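According to TrEMBL:
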type     : residues  : note
TRANSMEM : B:51-73   : transmembrane segment
TRANSMEM : B:93-111  : transmembrane segment
TRANSMEM : B:123-146 : transmembrane segment
TRANSMEM : B:152-177 : transmembrane segment
TRANSMEM : B:207-238 : transmembrane segment
TRANSMEM : B:325-343 : transmembrane segment
TRANSMEM : B:355-374 : transmembrane segment
TRANSMEM : B:390-414 : transmembrane segment
TRANSMEM : B:435-458 : transmembrane segment
TRANSMEM : B:464-481 : transmembrane segment
């Protein structure tokens, strides 16, 4: 079996590397060879791609789960929407948003972990599954905390989960560093692997330690443990913004030292673009189909009821559910088109930074609220005050979902050389078109909001008209942008096109491979 | 802007191809250039990867949706499980299985379509979203049919959806062939594009035509339209198995003519392996989290109830839900480990055939039933006859889910040169290990089934013991297989290793690139 080993380039590489380090490492290597022979054969070069895709799918489902209790809240018709909304806003929406945040923090930690460990074997795959199981349990512990804020059981469960997740991740790191061929190539050839290992373990174990302190405090004075947990959750963002402010104040270059390349919490630290896309796809897919889950379960009428109430006329019985089907198609189309915008944007993104990831999370959190908003629009009688408010809430949610997508692009434009394809950079060929694509939904939502304010009697028709107009607008968008640009050029400046194309050429001369890395 | 065009290799290629065909085509080309300039710039070489991943996510969610009405059926405690099961089996389980089949047929058609059209632009992305919206509506029309079998409305809705989907797909094909740079490279350089186009359109439009006939028959004699629909759904499988039988009978070589490379319904026709994986990942992810969706929504106790019934003791209140948490972790672990087996198998699959895809669909359909089975195991009082039967049903479902995974591998072994990595082929290095991995769940499920038959009083402990033992077994599997093989070798044959390794060497000499295509 020995002759097969040469075919595996990575192992070969590791062997070379090992040989440099002299006898001690060599001895360890031989030891490893005997113990972990099984893992090093065949599976050693196993790419982690599919494991990560599956993890992304699980995490995106869990992130959006907590919208279900919000969406299934029953509204009393006689009650004013505002009142029930206040009730909603205080607990369920807060739980949803916090869950989304916590799960996406866990997801970001998962990304960073598997940017260090690039290849997996069976053992790591099983450990990762155990980790996933605990992450999927977090939303439940969180809703326990929200429902029983004075009971420490919620805190205990949450902290226990987080501690166990942290320990499993530490085991994964230890395992990875004891089988160096699983690691990122850059770390694999680095001289100070031990330093990396300590640094990564320190960052990972920081969170369990905080949670352990929170558990102790929960027995003494529990409000303090909430403060501690909030601090842990926002830790990356706090340290990140503090660093950014300090750097801006001192005017220091944001040069990452070699040791801080991983687990640095820099706003410009790269997040795997592939995984950001996979996570977003998962959220968009779940959200788009949330309403059909309900429809398939609840909106098939009972044969007995149809016979009794509708004289066996199924069409009449289904007409009762008409608004719900409309809500489904409306929400699917909106979520689908927001996905389309996201897809178009990320097609031209070459590298995702942490800041872009954060803005993406905010956008997705609003997208998750869409089915709820659409369901609200048909819960209330026509032309009631409630209906108007439900429609306006939908507009606000669409507006924010779209605006945060636009913000991703704006954030990318600040460091466009590293993050964007030349076409959509400032002055690039598709710059105006991309802007139009990203601005379409926020503009339409804002317009609909103000029109419904002015024409409150026709709010529902205006809203449905908007729903039908937007897909057409997307189909014709390139044409419209060309017309608009031509018009602008003719009105204001007949000469600029020359400098414009010069800029474009300069951008296009940049080698593409340079951008992809 | 003309100078940028050379950078796009594919277009350049198309231009060359076009030039060969003389003036008429050239004229068309110039015409296209003027009309569709917008689509041919920048977006022309846009890969369809992410669009397909999103479609796969949507379709996998929809395929598993119909398990929810099954899982949420309330069982009366006094009622025997058998009785309620009969009620379930007749409608809801049938609806679930049929939906799964129909959706996976639609998915297979979607794969084939986008194996022909390999690149997309904005217009195709929007058309595909419209197509997806209609596919997600299919399960609902199907459950209408099952609930009101005598009412033609269900048939009408279903057929209308299928016809519109077919028409949109036809538009996508027409659009693709009018922008040849979007097509599969093989078709792009082919001389008889027109023939391909007609063949593909014929296959796609066959289904809407059948549905149109079914609509007409539904007004005259509706049972006939059900027969027609069943025929359409199974059409690919029927024609496939007929062809296979005929080929075997005549002894003819299964040589695919050039014209039949796409849309041929051959059992050996390749399905995109990437998409089979993405679809499976989606199903496994949804199924693994189905129970937590319920738990997050239903199992947070009401503060008022806790105060009244449990003297404000949250722990006592949660103990009521204990079995449900156990069911969640059990189901997550089982689904996760089945995913792990699937992942290990597809790591060594180099090419997926239609037959393997079909077996994979069957396996996934059983996986979808797992949460239901696990939920059943805690619905009934301890040591009741119902509990025993629920546990046995779980075993049967796990058994079939595992056996169909094993069948994928067996099917792959029949044409192992094209479909499998040398390691897991007959006589390959990891052949025995892969077999052990695939056989573990079926064996354990079968064992548990018979043990619970014999020791019916201890069925629950036996089942829970099995749940805890399996992950450990997976961790130690490689070791166990080595021990077992060594034992077998020592017992039966001390010489074979020589011929064994000779076989292996021969396999390994095969160039890898050869296998990947």
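The count begins at 1 with the first shown residue.
Cβ atoms here come from the backbone N, Cα and C positions, even for glycine.
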Positions whose Cβ lies under 8 angstroms from the transmembrane segment (B:123-146), at least six residues beyond its ends: 39, 51, 55, 58-59, 62, 65-66, 69, 91, 94-95, 98-99, 102-103, 106, 110, 117, 153-155, 157-158, 161-162, 164-165, 168-169, 171-172, 175-176, 182
Contact set, same chain, for the transmembrane segment (B:51-73): CB under 8 Å, 6 or more residues outside the stretch: 84, 88, 92-93, 95-96, 99-100, 103-104, 106-107, 110, 114, 120, 125, 128, 132, 135-136, 138-139, 142-143, 272, 274-275, 278-283, 285-287, 290, 294, 364, 368-369, 371-372, 375
Contact set, same chain, for the transmembrane segment (B:390-414): CB under 8 Å, 6 or more residues outside the stretch: 81, 334, 338, 341-342, 345, 349, 353, 355-356, 359-360, 362-363, 366-367, 369-370, 373-374, 376-377, 379-380, 420, 424-426, 434-435, 438-442, 444-446, 448-449, 452-453, 459-460, 463
Dominant neighbour of the transmembrane segment (B:435-458) in B:152-177, B:207-238, B:325-343, B:355-374, by Cβ pairs under 8 Å: B:325-343
Which of B:207-238, B:325-343, B:355-374 contacts the transmembrane segment (B:152-177) most, counting Cβ pairs under 8 Å: B:207-238
Spatial neighbours of the transmembrane segment (B:325-343) far in sequence, C-beta under 8 Å, 6+ residues away: 280-281, 284, 287-292, 295, 363, 367, 370-371, 374-375, 377-378, 398, 401-402, 405, 437-438, 440-441, 464, 467, 470-471, 474
